[in-house]
Amino acid sequence: MSVDLATVKRVARLARIAVTEEEAERMTGELNGILGFVEQLSEVDVTGVEPMTSVTPVAMKKRVDVVNDGDKAADIVANAPVAEQNFFLVPKVVE
Amino acid sequence: MTELTSLTIAAARDKLKSREIKAVELTESYLKAIDAANGALNAYVTVTPDKALEMAKASDQRLSDGKAGALEGIPLGVKDLFATRDVHTQACSHILDGFKPQYESTVTQNLWNEGAVMLGKLNMDEFAMGSSNESSYYGPAVNPWKAKGSDEKLVPGGSSGGSAAAVAAHLCAGATATDTGGSIRQPAAFTGTVGIKPTYGRCSRWGIVAYASSLDQAGPIARDVRDAAILLKTMASVDAKDTTSVDVAVPDYEAALGQSLKGMKIGIPKEYRIDGMPEEIEALWRQGMQWLKDAGAEVVEISLPHTKYALPAYYIVASAEASSNLARYDGVRYGLRVDGKDIADMYEKTRAAGFGKEVQRRILMGTYVLSAGYYDAYYLRAQKVRTLIKRDFEDAFHAGVDAILAPITPSSAFAIGDKELAADPVKMYLQDVFTITLNMAGLPGISVPAGLDHKGLPLGLQLIGKPFEEETLFKTAHVIEQAAGTFTPAKWW
């Protein structure tokens, strides 16, 4: 399988990465190189093989459903590029 | 008097305990060495002298009070991927500009709890994606090794290139690192240092910037096998904050050193004899087999038939997980923000400016393989292949093999800015052909220096073990180290 320029632009949009025409062209070539390389996986017979979900055969650990952390709003917004009164600020999203 | 920075962790530990040296003196020697070398080697992206001296002073107090921890007063470097409270933690990416976490990773907290001293944060490939440290936003770290008669600057490997360079150049006593596809073991091999990637679940991933969560694992890079064993003992723990942390007690790894290899069976995987492998690497591998035989182990050929599919499967799984993990960098909660005309435009501009080329490539690859209509063909198939890769190892272990001996890299360190590798991402990915299989299976692996090539550059050998049998790796690697010796670069910086 290979990708064309339109697909690369669509994927970049899905990934929320702005790309110029030139970058999209370069990435099309690079992604096709990688896709060509991974193509060899189609040789493997995977009939009846379970996909791996965990390398260690352990049951997912669950913690008790209690509040065990919190009350640190100032810590949470400490690194925000723009914050006000412990809120993250973003460009207007509703009209 | 010998320079304090030339002491191994084990040697420094003894001298600190006997009060022959002070923790503050030791830390000052390292800070001085970093000052003199970092301009040339670019191993550290930030140095924390005030914090280091404060920690060292507290260590001296605890040493005099008889309350010393296992790593009391030992100065360490930390890969920029580990969250360190109020200190530069940016995964060497532009998108995390200015990020100073308000919390500490479990692995580094374990080290500080035992008295270790933090010197600063170490260079790495951006988000741990790379095999040469060249994708760092802060420029490449430089290998302290140079080829005989050459002045060309070489890569220290990646992604933990700063960790390996700093350890080899004696700019820290030991360093933390992480390994998703070879990022501890390949840089260790390129710099003549020892690196161990423990079993998945051995070290907590809490507070480590995520790349590919089902593969990422922390481990140490150190000057010798004993120091690696000492560091892993403290780094490893069972942690309620990481659901993939496994409830197995941490043994005393150092106690395994010097144990006999009699009765051990070492597997030699025939699929690792790849086309075009340099004769020097083959010869070193044979030498390694001989050393282990001389120590009483039995060497047998084994087959791991799905080996060649590990690398392509890795680039699907790792890219897919990366595209999901890196979705959090959106210019809202931390790091860089580039303003746009609306919120979507702000996201797109921020991520375009903040991520480097290799990171963007992997995010796009991951987004594509997870997108509607392609999930089964790529991601699901890769996860099935992963099951087969793991089964290969299980079959070998069931047949009585205790550990596997293999090469670690297809060559010694290459030049910074190598044109052929830069032009073709797949060629760079092939650097990891020997390291990646065990990440896919979650197994532990150690890289130990075994000799120098014709250019005078270090080469390593790799041992792969059963889950949670790191002790076997330490004792076997120790035998190789005893036979091969240790390797230190000539100082030019």
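Note that Cβ sites are derived from N, Cα and C of the backbone, with glycine treated the same way.
Heads up, TrEMBL stuff is auto-annotated, nobody curated it.
Noted in TrEMBL for the protein shown:
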- B:25-473: domain 'Amidase' (DOMAIN)
- B:K79: active site, charge relay system (ACT_SITE)
- B:S159: active site, charge relay system (ACT_SITE)
- B:S183: active site, acyl-ester intermediate (ACT_SITE)
Which one of the active-site residues (B:K79, B:S159, B:S183) has its C-beta surrounded by the most other C-beta atoms within 10 angstroms?
B:S183
Can you give me the Cα-Cα distance between B:K79 (active site, charge relay system) and B:S159 (active site, charge relay system) in Å, rounded to a whole number?
10
Under DSSP, is the residue listed as 'active site, acyl-ester intermediate' helix, strand or coil?
coil
Averaged pLDDT, computed only over the residues in the domain 'Amidase' (B:25-473):
97
Take the C-alpha atoms of B:S159 (active site, charge relay system) and B:S183 (active site, acyl-ester intermediate) and report the distance between them in angstrom, rounded.
5
